[in-house]
Amino acid sequence: MFYSIREKIVREIGAFARFSLPGPGVTRLPFSDENDRAIEYIIERLRSLGKRVYVDELGNVASSSENVVQAGKTFIISHYDSVPGGGKYDGVAGLVFGLILLEMLEDRTRDRVEMIAFNCEESSLFGQASIGSKYFFGRCVPEDYTALIGNERSLGELIDIKRYSKLSLAEKPEITGISRFLEVHIDQSAYLYRKGSRLGLVERIAGQRRLRLNFKGETGHSSLADLSARRDSLLAAASAIKAVREIMEKHLVSGAVGTVTRVENKPNVINMIPGETELMVDIRGFSADLLELYVEELVGICQGESERYSIAFDWSVVSQYDPAVMDGEFSANCFKQLSESGLDPIVMNSMAWHDIAGTAGTYPSNLLLLPNPSGVSHSPDESMDIDACASLVEFFITKGVLCAPD
């Protein structure tokens, strides 16, 4: 059975990888034609497995069963959109796991397992993660997202253009208090691979603070030799970039990292002094208090450097998510059964944000990570231990998803 599962995984991964723009890696941005083809494929696969399929206006796809199930259900969740030039496995690994598991479970057990494939979970368009899952669970509305990065259309306009809800063939599945959620994802580092482990069981997901830092000076000719007359916005921004790294080095042992992810410099002309520079900063950590401290220290440095160079400075929070904690009882049950089956998971935390973080505060939720031999993600070089994924599918088939509530 193991080799049959392995072949199915390779085939499904390849099927999803075809839904991409030409070029290195996988580019399947939300609301693109490539994204549309992925939605159609997911719908087709779920229907072939006897599932009813619900699609909302954002393009989230959810399955349900014809038969009424009184016992609790397990929802396997992941996303199908990608970053530009990303890998084949981010998000898709969880969908492939779910599809193959549903295909190979007995009918009675299959009715207790459903799948939700989210759209717009990556931050590629709006600079914010998990828009699809937040919308699915009623935690946001399209009007919350009016300005796209690199695109003049709002979320509401994209919804009106695509009209994904017309693809829906069923009502939205009922999610009860005894429903449980499971996400399978690749490790977005080399941690598991270096440890020689086939599986990671996540206890905590790092929270985020994403900031927009704006430095406004005055454009001028690059030949200006009177340094006191210069109002170089990029010079102040450069100090901020360095500060992000220095603050991270100070707090890394406590579990915080920071990255300047985007720089917009105006007028960006070779013989002109920059007049306005905007930075996007991504800060992550396992403590909400630590995240706030990081922001406070960074903003303080930016204000000081701006005064030093006579630059105007303002900042705003683009998005914020507090750390998410997985359900202790659910995780302990999974850990026990996985260990007894010889998979020996490593208990770990995840610095990367995941879809399951959106359900963790409301429903029993669990995140399992698969080794990534390359150690990189959001890259064409992204990889996954196929054998580990096959072993995990085999485990859930053999155990009949015993980690779900009775």
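Glycine residues also receive a Cβ, built from the backbone N, Cα and C atoms like all the rest.
Keep in mind the model is a prediction, meaning the values are calculated, not measured.
Over in TrEMBL, the protein carries these features:
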- His79, Asp90, His185: Zn(2+) 1 binding site (BINDING)
- Asp90, Glu122, His378: Zn(2+) 2 binding site (BINDING)
- Arg210, Asn271, Arg284: allantoate binding site (BINDING)
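Structural mapping of features recorded in TrEMBL.
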residue: His79; record: Zn(2+) 1 binding site; Cβ contacts under 8 Å, 6 or more apart: Gly91, Gly94, Leu95, Ala117, Phe118, Asn119, Glu121, Glu122, Gly132, Ser133, Asp355
residue: Asp90; record: Zn(2+) 1 binding site; Cβ contacts under 8 Å, 6 or more apart: Ser82, Val83, His185, Ile186, Gln188, Ser377, His378, Glu382
residue: Arg210; record: allantoate binding site; Cβ contacts under 8 Å, 6 or more apart: Gly127, Gln128, Met280, Val281, Asp282, Ile283, Val317, Val318, Ser319, Gln320
residue: Asn271; record: allantoate binding site; Cβ contacts under 8 Å, 6 or more apart: His221, Ser222, Ser223
residue: Arg284; record: allantoate binding site; Cβ contacts under 8 Å, 6 or more apart: Ala206, Gly207, Gln208, Ala256, Val257, Gly258, Leu291, Met351, Trp353
Out of His185, His378, which of the binding-site residues is least crowded by other Cβ atoms within 10 Å? His378
Looking only at DSSP and grouping its letters into three states, which state does Glu122 (Zn(2+) 2 binding site) belong to? coil
Give the number of CB atoms, excluding that of Glu122 (Zn(2+) 2 binding site) itself, located within 10 Å of its CB. 26
I want the residues beyond Asp90, Glu122, His378 whose C-beta is within 8 angstroms of the mean position of the Zn(2+) 2 site's C-beta atoms, in chain order. Ser82, Val83, Gly86, Gly87, Gly91, Ser377
